[in-house]
Amino acid sequence: MNQTAFGINGNPSASCPTDYIQFFDGTSSNSNSLEKICGVLSHYGGTLPVISTTSSSARVVFTGSNIRRPLSRVGVKVDYVSIVPIVYNCSVENGGCHHICVSRSEGVECQCRDGYGLIGRSTCSDRNECESGSHGCDQVCTNAEGSYTCSCHSGLELGSDGESCIDINECSVENGGCNYECVNQEGSFECRCRDGYRVSNGRECIEIDECSEGTHNCDSDCTNTDGSYTCSCNNGLLLQPDGHSCRCGGILTAASGSFQTDGWPTSYRQENFQCEWIIQLPNSDATIQFNIDQSAFGTLGKPPCNKDYIQFFDGTDSGAASLKKICGLLKFYGGAIPSINTTSSTTRVVFTGTRFQQRPLSRVGVKVDYVTIPPPDVDECALGTHNCEQLCENTPGSFICSCRNGYSLSSDDRTCNDIDECLGNSHGCDQVCTNTNGSYACSCVDRFTLQSDMQTCISDPTPPPELSTTHPKVVTPSTSVTNISPSGTETITPTTQSVSEIKSTLTELLVTETTVTATSPLLAGTPTPLLPKTPTNISLAPTVLSKPAPTSTELLVTKTTVTASSPLLAGTPTPLLPKTPTNISL
């Protein structure tokens, strides 16, 4: 039996009445009981007995009860082995040995392979090196049949000896996946971020908004920046050299605003100090009006203000006149402190504090609001002191220039430039647009008339003259064209001839690549040898109609130019007009 952990409720001296394990020499119900065991090891002198059977079969019974057991009663584990007859020859059935048989003079000796232990004389059982501590693993040991394997925790890898564990440097590969800095550690790594950032999701760096999280140390206003923050102070407070503290004082350039003593409206600091504010309005012609915030006001002392007070000057230099010196409580001023007005656009205000250890809590300090009082308005437009080119509009303290329709104001805000409406599509003219100073004019092309809207153009209604159908004769040439060289030109004098007579004499005209000019309405008479290789068209252009137009059978022509772009080729005489003329334009 395994004696590393054994415990059964009961006592052997009382024959184990409740919980016990019992061994029988055989499997039948009447097999002899070999041993009944219970209790703890001390009942057996620290070693449980070895129980042997006389046969190859046995029956073992464990009986337990429901009584409350001590925590030390862990139960029992039993190992068993076969006892084989002694054989004195390793050549016969390996001497009965499980693994290795060694011949001795007195018989045989059974041995086991590495990783196994001998049980009894001949049986070999796996030795659990992980439980016995006989392994060599640095970290994790896993038992295997006849052996064991070693492994390592996360972040470590097994060394070449198969037992030692070596740290893995995760930072050596892609910075460990860290956004900023990777720090290797034994069996692990850590991602770190630069100042003003924190690690998120183990690797990513996200910016810390100290202002919204309240981790800044600004006395007044906090502005978050990339990886940091900056402090600023409200109007009337100055940022100190430490970058986060605010103290009263400063230069104010806005047209209106406010300023206050440190700690207002709770209490101002108890020490000797002085705050100075310089107010400079953007309008140098304006003046300033100061109003004390009377919802919370109180300084040490009372008029004429020899301790703590706020003083207003009419100017910024050291010699500026004092306008008012205020201190104490509202009741010293009848419950309301009047406004203070300057005569210039720049002024100086000074608060003086003294060290007083027991200043009453009601001395909360002072807050001052100021506004711009504009100067009396001068109408530059009415006085003619403006510099506008066209139109002037008066405004409080100034004026605005503008332009008439058709002009645009220049970048100098004073002069006006003509707008060329004809360049764009805004003019609305149907046909012709002509730009003028400050405007434009529409007009129309020939045979169109401009309508009353001065934009629309409509075609003239007058039709072309009608052709006459009564004139019986036309003017035709009395001279024929003969012997015209490719470069020659001849003038032909016209005569009167009827269209039917022309048709009877002119049958065909072929011209290629030579120009023939005849100052005559039509060519007729003796046939002219004009034989081109490739026929082309001939253009007959009338210039003057001396009589009403003829009918379909008569034609009136006075002067016609005949042009043929072809060299003249000699050969068989050819008539100049076909029986049915084609491509003749009048």
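Yeah, the Cβs are placed from backbone N, Cα and C, and that goes for glycine too.
What TrEMBL records for 1-83 (among others) is domain 'CUB'.
Remark: secondary structure over the domain 'CUB' (248-373) totals 4 helix, 51 strand, 71 coil, with classes taken from DSSP. Look at TrEMBL and you will find 248-373 (among others) tagged as domain 'CUB'.
Taken from TrEMBL, the feature disulfide bond applies to Cys248-Cys275. For Cys275 (disulfide bond), the Cβ neighbour count at a 10 Å cut-off comes to 23, with all displayed protein chains included.
If you look up TrEMBL, you'll see 377-417 marked as domain 'EGF-like'. Secondary structure counts, DSSP: the domain 'EGF-like' (377-417) has 4 helix, 15 strand, 22 coil.
Take the CB of Cys248 (disulfide bond) and look out to 10 A: across all protein chains shown you find 25 other CB atoms. Remark: secondary structure over the domain 'CUB' (1-83) totals 7 helix, 19 strand, 57 coil, with classes taken from DSSP.
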